[in-house]
Amino acid sequence: MSLSSVLSADAIDCALKDCQAPDSFNPKKFFQLCGLTKKSPQEVKNVFNILDNDASGFIEEEELKFFLQRFSPGARVLTDKETKGFLSAADDDSDGKIGAEEFQAMVLS
């Protein structure tokens, strides 16, 4: 399964263009622009599984750094500031990683 099976290529492009500049990435805005906030909980979980590169059941800080590249290989990596901000915004139980439920809650809230 690929992200384009859940989200349209145009929406992904729009979301990526919005955060091209370093330190301009906002997870909530990105999820809205790419159309993820309008998807079902199951579709959001499918996207989580695609983003969970090592299939650990969590998106860790190292995976978050390359978050945008999971949407498009040519996209930039997130800055340390963006990565830490994304992690702290979604990591409700403060275990240093984002679980499927935490990701779903962030996207759909």
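The backbone N, Cα and C atoms fix where each Cβ goes, and this holds for glycine too.
Taken from TrEMBL, the feature Ca(2+) 1 binding site covers Asp52, Asp54, Ser56, Phe58, Glu63. Residues or ranges marked as Ca(2+) 2 binding site by TrEMBL: Asp91, Asp93, Asp95, Lys97, Glu102. Look at TrEMBL and you will find 39-74 tagged as domain 'EF-hand'.
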Relative to the mean position of the Cβ atoms of Asp91, Asp93, Asp95, Lys97, Glu102, the recorded Ca(2+) 2 site, which additional same-chain residues have Cβ within 8 Å?
Phe58, Ala90, Asp92, Ser94, Gly96, Ile98, Gly99
Residue from Asp52, Asp54, Ser56, Phe58, Glu63 whose C-alpha is spatially nearest that of Lys97 (Ca(2+) 2 binding site), among the binding-site residues:
Phe58
Neighbouring C-beta atoms (10 Å sphere around the C-beta of Lys97 (Ca(2+) 2 binding site)):
20
Considering the binding-site residues Glu63, Asp95, which residue's Cβ sits among the greatest number of other Cβ atoms within 10 Å?
Glu63
Restricting to the chain of Asp52 (Ca(2+) 1 binding site) and a gap of 6 or more, list residues whose Cβ falls under 8 Å of its Cβ, or answer none.
Phe58, Ile59, Glu63, Ala100
Could you round the CA separation between Asp93 (Ca(2+) 2 binding site) and Asp54 (Ca(2+) 1 binding site) to a whole angstrom and send it over?
21
Please list the DSSP helix, strand and coil residue counts for the domain 'EF-hand' (39-74).
21 helix, 3 strand, 12 coil
What other residues of the same chain, not counting Asp52, Asp54, Ser56, Phe58, Glu63, have a CB atom within 8 A of the CB centroid of the Ca(2+) 1 site?
Asn53, Ala55, Gly57, Ile59, Glu60, Lys97
State which of the following binding-site residues has the fewest other Cβ atoms within 10 Å around its Cβ: Asp54, Asp91.
Asp54
